[in-house]
Structure formats: C-alpha cells, structure tokens
Amino acid sequence: MATRKLFFLPGDGIGPEAMAEVRKLVDVMNADHAAGFEIEEGLVGGIAYDTHGQSISETDMERAQAADAVLFGAVGGPKWDGVGYDVRPEAGLLRLRKDLELFANLRPAICYPALAGSSSLKRELVEGLDILIVRELTGGTYFGEPKEIRDLGNGQKRGIDTQVYDTYEIERISGVAFELARTRQNRVCSMEKRNVMKSGVLWNEVVTANHAAHYADVELSHMLADAGGMQLVRRPKQFDVIVTDNLFGDLLSDVAAMLTGSLGMLPSASLGAPDEKTGTRKALYEPVHGSAPDIAGKGIANPLAMIASFAMCLRYSFGMVAEAERLEAAIAATLDDGVMTADIVGEGGTAVGTGEMGDAVIARFRAA
Ligand code: NAD
Ligand code: IPM
Ligand code: MN
C-alpha cells in the first residue's frame, strides 16, 4: 500500500499536548491495520520563532507542500506578544493557509448527546445540533491590500485592513458549500453584510448566480452576518450549512463552538482545490481552539477537537470514511461513558486528563 505522508506541526501551548494523542492513534492504526502512515514533524508558531526567528521556516513550508496532509496543533501565547507582526506565531498559520491555497475551511459544530447539558444554551436548543460552517480562508480582510499602519505625519496614524473578494473566490467557496449541503440536509445559508459592504453585495450576487446555474436543487437562503450570529444562539438548529467570508467565519465559528459545549470540541479541515490530474488536494487539519495559555502544561486540555480533526483528515485526504466514522463514534462513546476533561465535565463529575481522554477514545476505536 502507498504510504500516507502526514506532516505534524504541533506548535505552542496545548498544541503539542493534543497532538500527542493523535500520534498515539496513528501508531495504533499503523500497528493494527498497517495503515501506512508516515509522520514527519516540524516547527510552527512561537517555538519556530524561538528556534530560528521565523514563525515557520522555508524547509517546513516545503515539507508542508510535499505532505499528503498537514496536522496543525495551535500557535501563540503571551510570551510572543511583543514580537514583530510578520514573525508573530499566528503568521505561520496564515502563511500555510495562503501558500497552500487552502481556501475552504470546514468547521462542523456537532453537539454530542452527552454534552447537551454542557452548552451555555438550553439543552433543547442544542440537542442533536449538526451544522457546518464553510469559511472562506485565503481572502477577505485577512489578506486584502493595503494592510498597514500608515503614518499620517500629523501625529496621527491610520490602521488599514482591506476587505477584497473577487468573483472566482466567491464562486469556488460557495461551490464547496453547495456540494457539501447535498451530502447533508441540502440547505445553505449565505452570510454577508450587503447592507454596508460592497464586497457583501458582490458576495450575495455571486452566490445567487452560482446557485441558479449549478445548484438549484439546494435550498439557499441569505442572512446578514450580524443577524446570523444572533440566530446561531437563538435557534441554531435552523441551519445546515453556513457559507461566509474569512472574518465573519472566524467569529461565527467561535460562537458555534460554544453551542457544542466547549471550544475544545471543534475540529476543522482547510482544503485546497482538487488537482485536475490526480484529484488529490492540499489539506491542513486543525482544532478551532488556540494554544490556551491559561491551561498549557497542566495536562488537562481536551484533545477531542484535535482527534476529530484527524477524523476529518481520514475522510477528506485519504477517503478512509469508515475509519473516520469509527473514530467519531469512539469519541461519542467515550463521552457517553462519562469520560470528560475539565472543560466539559458537569458539576460533581470527575475530570480526566488529556492522556486519559486520548487513551479512552483509542480503546473504543480499537474495540469497535
Ligand atoms: P484559546 O482557544 O486558546 O482559549 C480560549 C479559552 O478556551 C481558554 O480559556 C482555554 O483554556 C479554553 N480552551 C481552548 N481550547 C481548549 C481545549 N482544547 N481544552 C480545554 N480548554 C480549552 O483562545 P485565546 O485564549 O483567545 O488565544 C490564545 C492564543 O491562541 C492567542 O495567541 C491566539 O492568537 C492563539 N490562537 C491560535 C489559534 C490557532 O492556532 N489556530 C486559534 C485561536 C487562537
Ligand atoms: C482561527 C484562529 C486564526 C484566525 C488565528 C490564530 C490566525 O483564530 O483559526 O480561528 O483568525 O483565523
Ligand atoms: Mn478563530
């Protein structure tokens, strides 16, 4: 069997702690099923900056380009608050997204039955929740030019970020959302702010036209993004797939994360376009949460977002759908058995550490 090349970038804070659990799982899959995974590991974020003054080295960028899939932990922390903008830990992640052209960020928010009581919303609002946010990831305010702090020469400065979207970017991200909707409840809600933003007007027009031309079988609705945020906490189950831009998608996916009980639960996949010849696509998988400096080093971080990100990797990069489903079922079974980390354990429950949580999922994965 062909080898499957994984490139691990554990990063900072709880990144390496969560990634260690995926490594254990990959070792088990190689031993039990001859899965043929080959792991290389590199540096990203603050640890890369401390090592060679850049948030990711050229060598590691090349290794990321050459891998079948990149697994990313988390970056950042107070230690690097003062470093230059271009070399700050988060810059490494943004470079990976941009240079690998990972324009489609899939952020599912699933409320596992055992966690319906851990959400800040009432149980009946989140029980059975299964929504997918499709966030555009290589355009918009994150990358638009000009992007600078301009000295106005009169003692004033001007901070500038630019929201830019071209037709092709909106077409391809909405195409991903429509395709995925067809495999789910066949509904897409597009969110922008066409009432104030020109890019929002174009976004709305292009999504509408793409829908009419190619995806008329999918139910399409539009919502202003601020109202979308409100609806996400008012009645989240009204949504199936949400498609939105880079910045709104960042905000809305953190909101959606809390519906599931904890930021420690939310995985993501960042995908490029399929290669015309081979059909393979560049991909990076990472939890939605950050490096959680407040709990780093304590061994209490929830590794489920990282493990669920690996499930997405099995599904989207290697077509190992049965294994992905088995892993997701193992996560659900672990939670059903009451095994929970501190961020999700209910009052009176006993929390397990990161390693025990990983072991519990792996044991159930093996047993299934
Ligand atoms: P964060 O996601 O790191 O933490 C927010 C809160 O959620 C904290 O209280 C944290 O303890 C908790 N939390 C997050 N993940 C958890 C987990 N797996 N288990 C248990 N609890 C968890 O966000 P923040 O505090 O705003 O940011 C901290 C740093 O992380 C910043 O430098 C930020 O830029 C960076 N960040 C990185 C990424 C990334 O690498 N993809 C994403 C978001 C933030
Ligand atoms: C995320 C993070 C990143 C973003 C940061 C760390 C650059 O918040 O992946 O949601 O803003 O996209
Ligand atoms: Mn974010």
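Any Cβ shown, glycine's included, is placed from N, Cα and C.
Keep in mind the model is a prediction, meaning the values are calculated, not measured.
In TrEMBL this protein carries:
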{"type": "BINDING", "residues": "R97, R107, R135, D226", "note": "substrate binding site"}
{"type": "BINDING", "residues": "D226, D250, D254", "note": "Mg(2+) binding site"}
{"type": "DOMAIN", "residues": "5-361", "note": "domain 'Isopropylmalate dehydrogenase-like'"}
{"type": "SITE", "residues": "Y142", "note": "site 'Important for catalysis'"}
{"type": "SITE", "residues": "K193", "note": "site 'Important for catalysis'"}
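Overlay of TrEMBL feature records on the structure.
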residue : record                         : contacts (Cβ under 8 Å, 6+ apart)
R97     : substrate binding site         : L137, T138, S270, L284
R107    : substrate binding site         : L132, I133, V134, R135, G249, S253, A256, L266, P267, S268, V288
Y142    : site 'Important for catalysis' : L94, N246, L247
K193    : site 'Important for catalysis' : G200, L224, A225, D226, F248
D250    : Mg(2+) binding site            : R135
D254    : Mg(2+) binding site            : L263, V288
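In this structure, none of the recorded positions from R97, R107, R135, Y142, K193, D226 has a C-beta falling under 6 Å of any atom of ligand 2. According to its DSSP assignment, K193 (site 'Important for catalysis') is coil. Of all Cβ atoms in the shown protein chains, 26 besides its own fall within 10 Å of the Cβ of R135 (substrate binding site). The local packing around D226 (substrate binding site), expressed as other Cβ atoms within 10 Å of its Cβ over all shown chains, amounts to 14. In sequence order, A225, G229, L247, F248, G249, L251, L252, S253, V255 are the residues of the same chain, not among D226, D250, D254, whose CB sits within 8 A of the CB centroid for the Mg(2+) site. Only D250, of the binding-site residues R97, R107, R135, D226, D250, place a Cβ under 6 Å from an atom of ligand 3.
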